[in-house]
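Visitor: For reference, the structure I am asking about is given below.
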Amino acid sequence: MFRCLMQNHQRRALVLFSGGQDSTTCLAWALERYAHVETLGFDYGQRHRVELDARQVVLRELRANFPDWAQRLGDDHLLDLGILAQVGDTAMTSDREIEMQANGLPNTFVPGRNLLFLTLAAALGYRRQLDVLVGGMCETDFSGYPDCRDDTIKSQQVTLGLGLGTRVTIETPLMWLDKAQTWELADRLGGQALVDMVIEHSHTCYLGERGQRHDWGYGCGHCPACALRKNGWERWVAGAAYAD
């Protein structure tokens, strides 16, 4: 175990960081493990563009409140992927009502989004000697997106390693956690300070709502992303109260 931790602390990571709850928790997770961590965000014409602002606030707050992590936190990168809005006409990139489609997926699914994100992250990591990619994909509390599945991520890890001719590791610390466990992980990593940061500064709501404040953070309260975050918060709080 000790040897594994030492090896991790010598590695360099790139976190896919949107500014949401999951990626904020993943960033904290990476900062606990790796010697140097950089962040990567994407502007793909998302309706909830407020998350791009949230990214900068979260990074600022992390640096201010967690000095040990601040020493390991490196450059932030933002890539323009407006083409996703052109090829994937979805409720994530256009003003449409969120609803289920005939294929069983919600129309918030942006085809190929995570596949493209990871490919570009690997290319950037190759140039900057960052051999670990960290993403917030999960198979538990999610909307059924096929590019969030564990087998998809493992397959892409192999493909990227072959295509780049080097070792590529994709870490998904939330893959088998539900939202209640994600709140618990944030608490375990950074205590109440990190939980408060997630509540106040991260952004999840698909509709970009920042005017309504709830116990679990800001959002419309009824889109799929808000529902998952809210339900996870309530289950975590109830579990913590029961444990006490």
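Including glycine, each Cβ sits where the backbone N, Cα and C put it.
According to Swiss-Prot, the protein has these features:
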- Phe17, Ser18, Gly19, Gly20, Gln21, Asp22, Ser23, Thr24, Thr25, Cys26, Leu27: ATP binding site (BINDING)
- Cys205, Cys220, Cys223, Cys226: Zn(2+) binding site (BINDING)
Visitor: Taking 10 A as the limit, how many CB atoms besides its own sit near the CB of Thr25 (ATP binding site)?
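Guide: Neighbour count, Cβ to Cβ under the 10 Å cut-off: 27.
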Visitor: Other residues near the Zn(2+) site, CB within 8 A of the CB centroid of Cys205, Cys220, Cys223, Cys226?
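Guide: Residues close to the Zn(2+) site, other than Cys205, Cys220, Cys223, Cys226: Thr204, Tyr206, Leu207, Glu209, Gly219, Gly221, His222, Pro224, Ala225, Ala227.
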Visitor: Out of Phe17, Gly19, Leu27, the binding-site residues in the record, which is closest to Cys205 (Zn(2+) binding site) when you go by Cα distance?
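Guide: The smallest Cα gap between Cys205 (Zn(2+) binding site) and any of the binding-site residues is with Gly19.
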Visitor: So how many other Cβ atoms are close to Cys226 (Zn(2+) binding site), meaning within 10 Å of its Cβ?
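Guide: By my count, 22.
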Visitor: Around the ATP site formed by Phe17, Ser18, Gly19, Gly20, Gln21, Asp22, Ser23, Thr24, Thr25, Cys26, Leu27, list the extra residues of the same chain whose Cβ is within 8 Å of the site's Cβ centroid.
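Guide: The surrounding set, listed in chain order, is Val15, Val58, Gly136, Ser202.
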Visitor: Do any residues at least six apart in sequence from Ser23 (ATP binding site), in the same chain, have a Cβ closer than 8 Å to its Cβ, and if so which, in order?
Guide: Val15, Leu16, Phe17, Gly135, Gly136
Visitor: If you count other Cβ atoms within 10 Å of each one's Cβ, which of the binding-site residues Gln21, Cys220 has the most?
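Guide: Checking each of Gln21, Cys220, the winner is Gln21.
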Visitor: Including all protein chains displayed, how many Cβ atoms other than that of Leu27 (ATP binding site) lie within 10 Å of its Cβ?
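Guide: Its Cβ has 26 other Cβ atoms within 10 Å.
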Visitor: Can you tell which of Cys205, Cys223 has the most other C-beta atoms within 10 Å, given these are the binding-site residues?
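Guide: Result of the Cβ crowding comparison: Cys205.
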